[in-house]
């Protein structure tokens, strides 16, 4: 917890080979500002990795006066001396990757392909996966989950069914790839009669893709293992989506299709658990959720709309408006139990600069009883009442604060209360969009 000068007693861990491996995870329902914290740390990183998800993720980084939008690429790609790794747990839509690299390079980032390593074990997302994603959502009617329609669920489904196509298939015998691709399309057409796929055109396109991406394809498990053996490596793992969207631990079925917690780091990159020591959970000073699903502290009021407007809460991937609510300590505690957070970053504190008072959700009440843990059952979660504490706002602009002591007393008290309630030291405080608008406490 905090020492007398409000500085937590915390020393960044380095292993016996003097490596530093830091994992950045979303500690809410996504859109917490993970990209900004990764970008802040990436200036000193040797390697930045993505371990799961696909281009359903959306990370925004504001650096050097420019805004960058990431979906598949690790945010570290904008650093000139940093290697970016797309791990085996990621599902890759190659047309989306090509478009993203083109946009990033137009924004001034050079040599993306030469800085990128793509796992040969990663599975591919095809256009028909995306079309099927939309059709599945239509079938659900009123029970739709709010998918991004990027084909992520169908791609992970084919992976689990052991009929998916991997990057190594594309790099191998193209006749064999063709046969597998046609069989996969045939299976999808049986399920979705309205599915339209120009098989020959798609195969021609993927043959071109294969030639372009070949130099970037690597056994990333071996690569990362060898880099750790060398020692003195700074490695960042950039989690996508968020722990509350995790397939196993999230608010099922309103979740994504991958493991978004610490387990997904190990399975999505082939990293032994013993290599991980620093796990930074990213949370907004309030909380947001895009798409359907339970949201206990949701503010269906002018206050929620105010957070939405000031915070510019629109999805990077879909453009949908995000629902907003008060910070939820029950969620943060649950995420910590799953992922073992060593610290947290509280972003967008400045969004609440004009509020007379701010609240923090501290407990869930169901049928008059305080719940001891986060409920798995949707029917229970949808009925909980939230117990809040109320704190005075700070009513002043904090966007130029660069030290914790620069913050107004009430803003400091809010951060320290989050520390007290969660039991997790707050390492970073975000007070604006840009990289430098961040207070680092340790």
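Cβ atoms are placed via backbone N, Cα and C, with glycine included.
Residue 33 (GTP binding site) falls outside any helix or strand according to DSSP and counts as coil. Its Cβ placed at the centre, residue 33 (GTP binding site) has 23 other Cβ atoms within 10 Å. Feature annotation from Swiss-Prot assigns GTP binding site to 30-36, 58-60, 322, 348-350, 430-432.
Mapped onto three states, the DSSP output places residue 58 (Mg(2+) binding site) in coil. Residues annotated as Mg(2+) binding site in Swiss-Prot, with sequence analysis given as evidence: 31, 58.
Annotation comment: Swiss-Prot describes 31, 32, 33, 34, 56, 57, 58, 59, 148, 162, 241, 256, 320 as IMP binding site.
Taken from Swiss-Prot, the feature active site, proton acceptor covers 31. The Cβ of residue 31 (Mg(2+) binding site) has 29 other Cβ atoms within 10 Å, all protein chains considered.
With a 10 A radius on its CB, residue 59 (active site, proton donor) counts 28 other CB atoms from all the protein chains. Look at Swiss-Prot and you will find 59 tagged as active site, proton donor.
Residues annotated as substrate binding site in Swiss-Prot, with sequence analysis given as evidence: 316, 317, 318, 319, 320, 321, 322. Residue 320 (IMP binding site) falls within neither a helix nor a strand when secondary structure is assigned with DSSP, and so counts as coil.
Checking each of the binding-site residues 31, 56, 58, 60, 241 against residue 321 (substrate binding site) by C-alpha distance, the shortest gap belongs to 31. The Cβ neighbour count for residue 321 (substrate binding site), using a 10 Å radius and every protein chain shown, is 14. Packing around residue 30 (GTP binding site) is summarised by its Cβ count: 27 other Cβ atoms lie within 10 angstroms of its Cβ, all protein chains included. Cα of residue 36 (GTP binding site) to Cα of residue 59 (active site, proton donor): a distance of 8 Å. Taking all protein chains in view, 17 other C-beta atoms sit within 10 angstroms of the C-beta of residue 60 (GTP binding site). Fewest Cβ neighbours within 10 Å among the binding-site residues 36, 320, 322: this applies to 320. With respect to their backbone Cα atoms, residue 60 (GTP binding site) and residue 31 (Mg(2+) binding site) stand 9 Å from each other.
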